[in-house]
Every structure is written in C-alpha cells, then in structure tokens.
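Engineer: Found this in TrEMBL, in case it helps:
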type	residues	note
TRANSMEM	37-60	transmembrane segment
TRANSMEM	72-92	transmembrane segment
TRANSMEM	104-123	transmembrane segment
TRANSMEM	129-151	transmembrane segment
TRANSMEM	163-184	transmembrane segment
TRANSMEM	196-219	transmembrane segment
TRANSMEM	274-294	transmembrane segment
TRANSMEM	314-339	transmembrane segment
TRANSMEM	360-382	transmembrane segment
TRANSMEM	388-415	transmembrane segment
TRANSMEM	422-442	transmembrane segment
TRANSMEM	462-483	transmembrane segment
Amino acid sequence: MSIPRASSPVKALSGVPVTATDSVLPTPSSSQKCRKWVSFSSAIFNCLCAGSIVLFSLWAPVFQQDLGYNQMQVNAVSIAGELGMYLPVPIFGYICDNFGPHKLSLLAGAFFGVGYSLASLSYSHDLPYQVMVFAFTLVGMGTSSMYFAGITTCAKNFTGSRGLALSLPIASFGLSGLWLSQFVSRVFVGENGTLMIGAAFTTFAVFLSGVGIVGGLFLQVFPAEEEAVEGGERERLLPVDGGERGFGWVDSAEDDKRWINAATRDFLKDRAMWWFAIGVFLVTGPGEAFINNMGSLIKSLYPPSTASVHIDPATHVSIIATTSTLARILVGILSDYIGPSIHPPPVQLSSRFRPRCSRVILLIAVSCLLLTAHLLLAFTSLPFLTSYFWIISALVGSGYGAVFTLAPTIVSVVWGTENFGTNWGVVMTTPAVGATAYGLLYAKLYDDHAGADGRCWGEECYRGAFGVMAVGTVVAIVGWLWAWRGRGGWKERGVIV
C-alpha cells in the first residue's frame with residue numbers, strides 16, 4: 001500500500017488531511033532493485049572476508065615461541081585488537097548513517113593494509129611488542145569497519161525481515177573465520193610444520209585492501225524514504241511544535257540532523273538500553289577471551305613433557321566458525337518466524353507451525369550455551385577436556401554467534417533502523433571492555449602459575465577465570481530479563497521484542 005506524501009514541508013498527521021493533489025510515493029524501479037541486490041552481494045562479500053582477527057589463537061603460540069612474548073604480552077596484543085574492533089564502532093556507525101557504508105568500506109581496506117603490513121614487519125624484524133600492539137589495533141579497526149559496512153547495508157535495505165537480513169551478513173562473518181583458518185593452515189605452513197606468519201600477514205594486507213575497495217564501489221543504502229521520494233529529497237516523521245501538534249513529514253537537512261541527534265540522546269538515556277548493554281558485555285567478553293586465548297588454553301591441558309599437543313588449534317577455530325555460522329543463520333530465521341514482528345515473513349507458514357516467543361527468551365537460551373561451556377571448563381577434569389574439547393568449542397561458537405545475531409536484531413526492533421548504525425555502535429563498545437577485563441583476568445591467572453619458560457600447565461591455569469565468566473553470564477541473563485519485564489522495561493512500554 002502506497003504512503004501519501006505531504007505536498008508541504010510539514011503536514012501534521014494529527015488533524016491535517018492529505019489532499020488529492022498530494023503526490024503518491026512511487027515503487028522502486030527494476031534497476032533500483034537490481035542495484036539493491038548488488039549492494040547486498042557486496043555486503044555479504046565484505047563480511048565473508050572480514051573475520052581474520054579470529055585467527056589470533058593461531059598466532060598467539062607462535063608469538064610466544066618465536067618472539068618470546070609472555071601471556072600478558074600476548075593478551076596485550078589481542079586486547080588491542082578487541083579495543084580497535086569495538087571502541088570506534090560508534091564512530092563507524094555515525095559514518096555509515098551520515099556518509100554511507102561505501103566510505104567505511106574504503107576506510108576498512110586502509111586499516112587492514114597498514115595494520116597487517118606493520119604486523120608483518122614487526123614479526124619479521126622482531127620489533128618491540130608495542131609495534132605489534134598498534135598493528136593489531138588497526139587490524140581490529142579494519143575488522144569492525146568492514147563488518148559494520150556490510151551489516152548496516154543489510155539492516156537498512158531489508159527492514160521487512162530484520163532477523164534474516166542481519167543473520168546472513170553476521171553468518172558470513174562467522175564463516176570467514178572457517179575458510180581463512182583452513183586457508184592459512186594449508187597455504188602458510190613451512191616444511192617443519194610451523195606457520196609462516198610474516199607471509200600470511202602480507203597476503204592479508206593486500207587481499208583485504210582489495211576487498212575494502214570492492215565495497216567502496218558497490219555498497220549502497222536504499223532506505224524506504226529515499227527510494228520513494230521524488231528528487232532525492234529525504235523526509236522524516238518528526239514532532240511538530242514540540243509534539244503539541246502531533247507529528248509531521250520534514251524534509252530539510254537540518255531537521256534530518258536534529259532527528260538523529262534527538263534519537264541518539266533518547267537512546268543513551270534509556271535505562272533499559274544500559275541493562276541490555278551490560279548483559280552484552282558480560283556474555284560476549286568471555287567468548288572473546290576464550291577465542292583469543294584458545295591456543296594457550298589447549299597447551300595448558302598437556303604436561304610440558306608432552307612431545308606434541310593432540311588438539312589442533314586450527315581445527316577448533318574451524319569448529320567455532322562453523323557452529324557460529326550455523327547458529328547465526330538458524331537464530332536469524334527463528335527470530336523472524338518465532339519472534340513477534342510487525343512485518344509478515346517472506347514465506348508464510350500456517351499458524352499451527354508459528355509458535356510465538358520473545359527474542360529475549362531466544363537470547364537467554366543461546367547464552368546458556370556459553371554458560372555451559374564456562375561451567376565445563378571450570379569444573380570438569382583434564383581427561384574430559386582433552387578428549388571432548390570439541391564440545392567446548394562448539395558450545396562457545398554456537399552461543400557466541402547466536403548472541404551476535406540476536407543482539408543487533410533486538411536493537412533494530414526496539415529502537416528502529418534509521419539510527420541503527422549509531423545505536424548498535426554504542427552497544428558494540430561493550431564487548432571491547434568485556435574482552436579486556438576477562439582477557440586480563442585469564443592472563444593474570446595463567447602467568448601467576450606459569451613456569452620459568454612462561455608456560456602454565458594444569459587446571460589452576462584457567463579454572464578461576466572461567467568460573468568468574470560463568471557468574472557473569474548469569475548476571476547478564478538477570479539484567480536482560482529486567483530490561484524486558486522490569487520497571488520501565490520494554491514490556492511495560494508496549495515494545496514487542
């Protein structure tokens with residue numbers, strides 16, 4: 001059904017009728033639809049190549065062996081990548097909302113090119129580890145900007161099925177870790193079985209710079225307002241006279257900025273948002289810490305006298321990537337078909353097959369997968385972990401991937417898609433804090449029990465850290481329930497999540 005457009009800059013919807021002379025919004029042309037799908041394909045390609053930072057668990061043991069880093073120094077490098085990946089996201093979101101995702105994709109290519117080139121030089125010439133810290137800060141910034149350019153493009157172009165529209169690029173990001181880990185483990189392995197990190201870093205610098213350029217050429221946003229308004233002018237529904245006269249369509253650039261600033265202020269003042277963001281911090285931080293420290297964690301399961309470790313980190317990176325990808329797709333579909341929505345799904349199902357469930361319940365359910373993994377690491381024996389470590393990897397991958405699908409979906413449902421880049425960018429800063437806190441906790445316990453060679457072996461290396469992570473996950477679940485059903489929460493405000 002077409003939406004009438006007011007013939008004047010502002011026509012209040014409460015009490016001012018739309019006349020017959022008012023123009024009607026045209027439907028998008030076939031060429032526009034084609035360009036929209038080209039943009040979607042480019043967004044998927046961006047996300048499919050953006051996840052090289054998840055390979056850090058492959059680099060960490062080599063940093064310790066070849067460069068002599070202790071666990072705290074290794075974590076300093078990984079934390080720098082996390083901070084670079086998450087803290088600038090509000091800025092990246094602002095760039096997407098105001099200048100377009102194609103500009104952010106070009107910026108991502110520059111970050112990756114400089115970051116991996118510097119990392120290659122640092123490794124090859126044994127530069128001070130602070131140089132590697134700075135290099136991975138840039139790599140983290142490249143990761144989030146390339147990923148964010150893709151996910152924002154999909155979120156703004158396909159508002160009718162938000163869960164699926166977000167799950168596909170998010171799943172592609174998870175899949176990037178799978179194919180990149182296999183690529184590295186097969187192409188960049190020397191005759192003695194060691195990884196050729198310098199060559200891998202150089203290859204990533206060239207390849208990912210090219211991916212950023214491709215996104216810069218093809219990423220484009222087609223919001224409903226812009227697709228349908230003649231002359232390329234943008235209109236938006238804003239309060240008229242402070243809301244006393246209702247709402248009206250406004251099409252000036254100044255009002256456009258005013259709306260974005262007001263929406264951002266309201267978002268930051270929302271107490272339910274902070275409960276939600278704290279939960280994201282407490283759940284994603286441990287997931288990041290596990291992924292970054294998986295290499296040293298696996299080695300801590302075997303005595304130093306063991307000639308070889310029987311668990312291949314590259315295999316478990318692939319397990320995490322695979323389960324994460326599958327969970328992102330499945331949860332994205334469930335979010336649309338089971339979760340409440342004001343839009344009909346693209347494929348109609350009989351009501352008997354469409355049970356309704358809040359997305360918050362889905363979020364809590366997948367967080368319990370991470371909770372289970374933390375409890376297994378905190379309380380099970382070494383023989384169990386050495387035999388069934390793949391279960392831990394699968395639980396972390398599934399829970400981590402699903403949370404990163406449902407969290408942005410909930411943000412888009414509760415606070416809308418118009419200011420999605422900025423809003424989700426604010427929430428995305430919390431995993432950086434979580435990864436830093438939990439990464440330092442793990443490194444402190446590991447180094448406290450390490451021998452003279454810097455290697456730690458046994459349950460005391462990791463049990464305490466994962467016990468704290470389990471408690472934090474429980475607190476996150478309680479916080480999400482409060483944001484949903486507590487005083488002033490989404491349910492009380494009539495928001496259907």
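Any Cβ shown, glycine's included, is placed from N, Cα and C.
I'm curious about the neighbourhood of these features; can you describe it?
Structural biologist: A Cβ distance under 8 Å defines the sequence-distant neighbours of the transmembrane segment (37-60), meaning residues of its chain 6+ beyond its ends; these are 74, 77-78, 81, 85, 101, 105, 108, 112, 136, 139-140, 142-143, 146-147, 149-151, 153-154, 157-158, 168-170, 172-177, 179-181, 184-185, 195, 197, 204, 207-208, 211, 214-215, 217-222, 291-296, 313-314, 316-317, 320-321.
Counting only same-chain residues 6+ beyond the ends of the transmembrane segment (72-92), those with a CB under 8 A from a CB of the stretch are 53, 56, 60, 63-64, 104, 129, 132-134, 136-141, 143-145, 148-149, 288, 292-293, 296, 421-422, 424-426, 428-433, 435-436, 439-440, 442-444, 447.
Using a Cβ-Cβ cut-off under 8 Å and counting only residues 6 or more beyond its ends in the same chain, the transmembrane segment (104-123) has close neighbours at 46, 50, 52, 66-67, 92, 95-96, 129, 131-132, 134-139, 141-143, 145-146, 148-150, 152, 197-199, 201-202, 204-206, 208-216, 219.
Same-chain residues lying 6+ beyond the ends of the transmembrane segment (129-151) with a Cβ under 8 Å from its Cβ atoms: 42-47, 49-53, 56, 63, 67, 69, 73, 76-78, 80-86, 88-89, 92-93, 96, 101-102, 104-105, 107-112, 114-116, 118-119, 121-123, 166, 169-170, 172-173, 208, 211-212, 215, 219, 408, 421, 425, 428.
Sequence-distant contacts of the transmembrane segment (196-219), counting only residues of its own chain at least 6 positions beyond either end whose CB sits under 8 Å from a CB of the stretch, comprise 38-39, 41-43, 45-46, 49-50, 52, 59, 62, 66, 100-103, 105-110, 112-117, 119-120, 123-124, 142, 146, 149-150, 153, 184, 187-190.
With a threshold of 8 Å between CB atoms, the same-chain residues lying at least 6 positions outside the transmembrane segment (314-339) that come near it are 51, 54-55, 57-58, 161-164, 166-168, 170-172, 174-179, 181-182, 184-185, 291, 294, 298, 345, 349, 354-359, 362, 366, 389-390, 393-394, 396-402, 404-406, 409, 497.
Counting only same-chain residues 6+ beyond the ends of the transmembrane segment (360-382), those with a CB under 8 A from a CB of the stretch are 283, 286-287, 290, 301, 327, 331, 334-335, 338-339, 391-392, 395-396, 398-400, 402-403, 406-407, 410, 458-459, 462-464, 466-467, 469-470, 473-474, 476-477, 480-481, 483-484, 497.
Here the transmembrane segment (462-483) has Cβ contacts under 8 Å with residues 272-273, 275-276, 278-283, 285-286, 289, 297, 300, 360, 363-364, 367-368, 370-371, 374-375, 377-379, 438, 441-442, 445-446, 489-490 of the same chain, all six or more residues outside its ends.
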Engineer: Between the transmembrane segment (274-294) and the transmembrane segment (422-442), are there three or more CB pairs that fall under 8 A, provided the residues in each pair are separated by 6 or more in sequence?
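Structural biologist: Yes, these stretches are in contact.
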Engineer: At a C-beta cut-off of under 8 Å, are there same-chain residues at least 6 beyond the transmembrane segment (274-294) that contact it? List them, or none.
Structural biologist: 54, 56-57, 60, 74-75, 78, 81-82, 313, 316-317, 320, 367, 370, 373-374, 393, 396, 399-400, 403-404, 407, 410, 426-427, 430-431, 433-439, 441-443, 446, 465-466, 469, 472-473, 475-477, 479-480, 482-483, 486
